[in-house]
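S.K.: Following this message is one structure expressed as structure tokens.
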Amino acid sequence: MNGARYSQLRAMLAITKGSLRGIMRSPSSVVFSLGFPLVFILVFGFIGNSKVSVKVGVDRQTDINSPLYQGLSKATALNLVTDESAGEMEDDLKKGRLVAILNILTRKDSANRVVYDINVRSSTASDASKKLLLQSVLKEVTEHLDDAYYPRPSVATISETVIPGRLYKTIDFILPGQLGFALMSSAVFTTAFLFFNMRQMLVLKRFFATPIRRFYIVLGEAIARMIFQLLTSVIIIALGHFAFGFTLVHGFSTFVEMLVLSVFGLLIFMGFGFIVSSVAKNVSIIPMLANIFTLPQFLLAGTLWPIDAFPAWLQPVCKLMPLTYLTEALRKVAFEGLHLWQVGWEVTILSIWGIVVYAVAVKVFKWE
């Protein structure tokens with residue numbers, strides 16, 4: 001009769017409640033799940049909102065009253081430095097602090113027309129991309145003055161049509177990657193440490209003295225981690241959206257679909273945590289084993305840089321990693337406006353990983 005009255009569900013919920021309370025009180029859980037991703041999101045969010053500035057020194061002999069100089073001074077991409085001595089500018093140029101030093105001289109040609117000699121001095125320490133931007137600005141300002149003072153017929157007319165589209169910001173790339181990394185690191189590390197310690201301290205053995213089934217023990221712990229990770233996911237997405245303009249194409253429905261993908265990814269990565277907890281011989285080995293799985297994915301799975309930026313021989317390795325497909329699915333849902341059934345390829349690859357991982361986990365997992 002007593003066995004019939006025992007509720008597996010109530011026992012599972014008690015485990016969930018206790019585990020969730022323990023997670024909330026653990027500084028390491030909060031740091032891994034929320035702290036690190038938020039730092040990256042804040043840094044890249046502020047970088048993404050900043051404009052490129054080309055710092056250029058202006059030689060003291062430059063005619064600052066000329067229309068050419070006035071045009072350059074209005075270019076938002078240029079930061080013209082005029083308050084340094086020649087020696088200071090030379091030193092900054094050699095150290096790469098200045099992209100170039102401009103010397104603009106005004107003279108008259110044989111037809112008594114005003115022309116400008118632009119001398120650009122740069123160094124090998126200067127940023128190559130900023131040099132190109134400086135050349136582009138100089139060309140644009142010069143062509144504008146040519147058209148204003150010496151109008152001439154053109155052999156071609158260029159017409160441009162601009163279609164409406166969404167601006168792809170830095171945060172639109174970074175946030176899904178950091179969200180995926182937070183899910184992965186939290187799932188692997190917390191699951192591995194939890195079940196290893198429960199086994200070492202004979203907590204699992206004490207559970208066996210109660211009527212609760214093993215399945216409900218694992219399920220209760222898993223639900224606690226899902227609740228905590230969903231809370232951190234909500235904070236990460238909300239901060240990105242309201243502070244840095246992270247794109248949620250369909251608003252709240254996109255937000256919900258991202259949370260569904262987060263739960264799916266969390267379930268898969270927890271499987272790796274079960275494996276690590278079982279193969280680790282002592283607690284000091286767990287971080288090493290977990291990092292073997294998580295660190296390469298943090299660097300290579302498109303969390304910080306697009307996979308296309310890596311060498312061609314490395315890209316197939318990147319495309320084998322489960323985190324690659326989770327972050328791609330999150331980006332497609334958030335920015336491109338796709339729905340869950342439209343990211344079937346990514347979900348399929350993640351499902352295959354899940355089947356393989358849990359097949360191994362069931363084989364190696366130790367209860368005692």
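Placement of Cβ uses the backbone N, Cα and C atoms for every residue, glycine included.
The annotation domain 'ABC transmembrane type-2' is assigned in TrEMBL to 131-368. Per TrEMBL, transmembrane segment is recorded for 30-48, 173-196, 216-243, 255-276, 288-307, 347-365.
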S.K.: For the transmembrane segment (288-307), give me same-chain residues lying six or more residues beyond its boundaries with a C-beta closer than 8 angstroms to one of its C-beta atoms, as numbers and ranges.
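M.R.: Same-chain contacts beyond the flanks: 40, 173-174, 177-178, 180-181, 184-185, 188-189, 192, 272-273, 276, 279-280, 314-315, 317-319, 321-324, 327-328.
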S.K.: So what's near the transmembrane segment (216-243) in sequence-distant terms, Cβ-Cβ under 8 Å and 6+ beyond its ends?
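M.R.: Counting only partners 6 or more residues beyond its ends, the transmembrane segment (216-243) has Cβ contacts under 8 Å with 8-9, 11-17, 19-20, 23-24, 29, 33-34, 37-38, 41, 45, 171, 175, 178-179, 182-183, 186-187, 190-191, 194-195, 204, 207, 255, 258-259, 262-263, 266-267, 270.
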